[in-house]
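Engineer: Quick one: the structure is below, questions incoming.
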Ligand SMILES: Cc1cc2nc3c(=O)[nH]c(=O)nc-3n(C[C@H](O)[C@H](O)[C@H](O)COP(=O)(O)OP(=O)(O)OC[C@H]3O[C@@H](n4cnc5c(N)ncnc54)[C@H](O)[C@@H]3O)c2cc1C
């Protein structure tokens, strides 16, 4: 990190001495601010020397993402356990830490760069499939995500429990959400739903921007309730979301769960290291360690107790399959020795969204280069301005499009604000790999107009995708079949959602502010003249399909009797010893909301299950030893 090298920075500062003290002071403050944000010392050193010296651990956690960072922290709370956390990426960067730069990460090395396989029923306005970004950095996807803190619906967890997953009902998991959380600002009412003693900063800001108020007022005119807390009693309504940010900065799980314990001596964090295979005891299905590729070398690390897979919904099933755990036929086709015939990679679910655009004439300069530069300065020096925080994009709505009184939503709406002639985010479509036609047609809408991109999200997809290996080479990306819109019910729901959201254009709040509905006039959809017809809306949905970046479910949790499950309710992989999956892959059914907070909860739960197993085991062992000693004495 050059800017954090004391010698180098003083040389730079000195070389600008001629520019005067004000400039030099500003430069110094700028460099110090940069270091405070992304200096390597924030994250602790790479543990390669320690691993090479002694590669024997009690637990090995693969992946330092939303889940893995939490699991490693909680396990290493026990000073008697030696824990290794292995992450394929490196330290966070400026683009990961500045909240509003989050879309930019799609084109950096901090993203694995996955795309869905091109299919005839979805993602048609792309050069090649939809973008499925995933974080490859400490904090994983929590370091590149949009920072919305949403838990979903109480029924999500009650449904998991009703399917036989004992211990996963809402009442069971609420204490785990609270355990992680350092909620800002608590009130007497927030005590029921929020915790204040955890590592994860969750922000609740009262600062409502004018454009956010317009969206909230317009949504309320449609009869939708205005909420204060999206994680409170009910989820049904519109509000400004809570966020994993603190004073303008991102609060990833790396920041929350790894930074405060970077000097914990029983936790080693190995960075830029890729786990390529699980290692088994000869002739058994007992996992004893992992094979790691780092800096062109292979390292073998051993786990005395368990290996925990927290590589996320794409990498976890890939690693399982490469190690012989997956669908028998698929593995045999690739000449992989089958250890356990399990439906790994199936049950893939994601939240897709379709954008609906509203625009209002604007002569604001917010999207100009000058303003962007000003934003960089504001952020670096004060953590304010257009790159800080989540505003003006905080507003979220949850509705049920078939039943106004329902307590579960079928549609979520995010509202993304794109300033007139926006340069900061206008290449959003380029970043996602949309066709040139989309990019040009969006620029037409955005020309001298501020745009609200209302992302209409399908919350409970009925279609199921799947993931297949493309090769036995771990460096070849797997094939991702989203199967978006395979089920007609999903098409019907998104059409209802899109039509519902177009009604915002009829509200006083939108009319008063000159906000009108507009569409990307795609050539393929031109045949359908009536813009509210099912045919036109379906055409737009199948072309402008976007992922909300929430793939889950590829190592499904369920009862052992459930042939579609991969792990049991204690997250142990069926038919294999000493191996658990603890990440978003285990969700049997996707939650009705963003998936980061639920994944962190899964990690808290997984860590408690691990502790229970191994502490009970230790107690049992010590009882057994005492009993044996006494037995010997008695018999002697
Ligand atoms: C762009 C984007 C925006 C999002 N916005 C939001 C949002 O606003 N709110 C929300 O709630 N959710 C959001 N999400 C989703 C949420 O962040 C994810 O659901 C969650 O982070 C998944 O956590 P995970 O632990 O399962 O996987 P990840 O967080 O992806 O972690 C997996 C980690 O494992 C590492 N890894 C994988 N394989 C290996 C291997 N073999 N060896 C070593 N390391 C490995 C990866 O590099 C990664 O760091 C977003 C996601 C993205 C990508």
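Residue numbering: from 1, along the chain as shown.
A Cβ is built for glycine as well, from the same backbone N, Cα and C atoms used for every other residue.
TrEMBL does not curate its annotations; it predicts them automatically.
TrEMBL lists these features:
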- 137, 275: FAD binding site (BINDING)
- 135-158: domain 'Glucose-methanol-choline oxidoreductase N-terminal' (DOMAIN)
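Describe the structural context of these features.
Structural biologist: The Cβ of residue 275 (FAD binding site) has 28 neighbouring Cβ atoms from other residues within 10 Å, across all protein chains displayed. In the three-state DSSP classification, residue 275 (FAD binding site) falls within a strand.
Residue counts of the domain 'Glucose-methanol-choline oxidoreductase N-terminal' (135-158) by helix, strand and coil are 9 helix, 4 strand, 11 coil (DSSP-based).
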Engineer: Looking only at Cβ atoms, how many others are within 10 Å of the one on residue 137 (FAD binding site)?
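Structural biologist: Its Cβ has 29 other Cβ atoms within 10 Å.
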